[in-house]
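Listed features, source Swiss-Prot:
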| type | residues | note |
| --- | --- | --- |
| TRANSMEM | 8-28 | transmembrane segment |
| TRANSMEM | 69-89 | transmembrane segment |
| TRANSMEM | 129-149 | transmembrane segment |
| TRANSMEM | 163-183 | transmembrane segment |
| TRANSMEM | 199-219 | transmembrane segment |
| TRANSMEM | 220-240 | transmembrane segment |
| TRANSMEM | 243-263 | transmembrane segment |
| TRANSMEM | 273-293 | transmembrane segment |
Amino acid sequence: MMLMDTSLIGAINLTIHAFLVGSLLLGLHRKIMARIQGRPGPPIIQYLLHTLKFYVKEITFPITAGNPLYIFVALLDIAIWLAALIIAIDFKSSLLIIIGIYVLQKIVEHGCGLSSGSPYGKIGGVRSVFSAAAEVPLFAVVAAIYLTTHSVLISDILSYQEIHGSLLFKMPICAFAFFILLVSKAPNSPFGIVKGKDIVSGYMTEHYGLLGAIIYIAEAIAYFVLLWLFIAVFIGPLVINSPVLTLAVMVVMTVILAFVNGLTPLLAPHHSVMLQMTIAGLVLCDVLYRLIVGG
């Protein structure tokens, strides 16, 4: 019982840490993008303030909403990323499980859009199906990592890098493909077709109040998890074993992502899909090469 209580407290602490760090990094991302565009921008704590603002607002339901699904998708969203957080960082389990959980995010995006009854939400939900092309390179990346490290467990990948060095320079194409995933998940991404400005907030347009706060919390945790995964898988234990170094690298990566997103226009849905499928093709070529040469 004591061990279970300790594990529960540890999971709660990890969740709070991930939310706070993810929120501040998203706030930094927004601040840098504003400076790039010649604006002073909001304070770095703006994402936290937005979350708190939605949290205290009254819950109302659009008259066109399908209430059971409308509520369920928000709860599913945070459940998905809490599971990813615990499985990745606490258990250091399989990358395949993490990617499987990540793919479930498309159900949330599609469900959010369709459940509200809003035309903007519906378009965002439909676009989420197109954006599933971003997941194709992920499976190829995992295949390439397995051929190199002979494991898909995060703990084994970290152990491999302790002996053989970082995978960042051994697998640059795979690292680039994963980086594109980070770009697609960051705010105002050129690949952000599901929440493009032309459809207001996309699938999130009609979610506000407590449900909106839940989605904001989930997005902050998601951003933290994906940054952590990139650092763990491609940079290795030299950084990931130090919380200070991990945070520093997350800040650097957020700055890079902000510059990429701030200087790149939003792609049309078909251009976004074509580009990400091209990246998937490059990773598949890398996988075939590793199969031929033996890892």
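Note: Cβ is positioned from N, Cα and C throughout, glycine not excepted.
Remember, predicted model here, so these are calculated numbers, not experimental data.
Against the transmembrane segment (8-28), stretch 220-240 has more CB pairs under 8 A than any other of 69-89, 163-183, 220-240, 243-263, 273-293. The stretch in closest packing with the transmembrane segment (243-263), judged by the count of Cβ pairs under 8 Å and taken from 69-89, 163-183, 273-293, is 163-183. Looking at 163-183, 220-240, 273-293, the range that has the most CB pairs within less than 8 A of the transmembrane segment (69-89) turns out to be 220-240.
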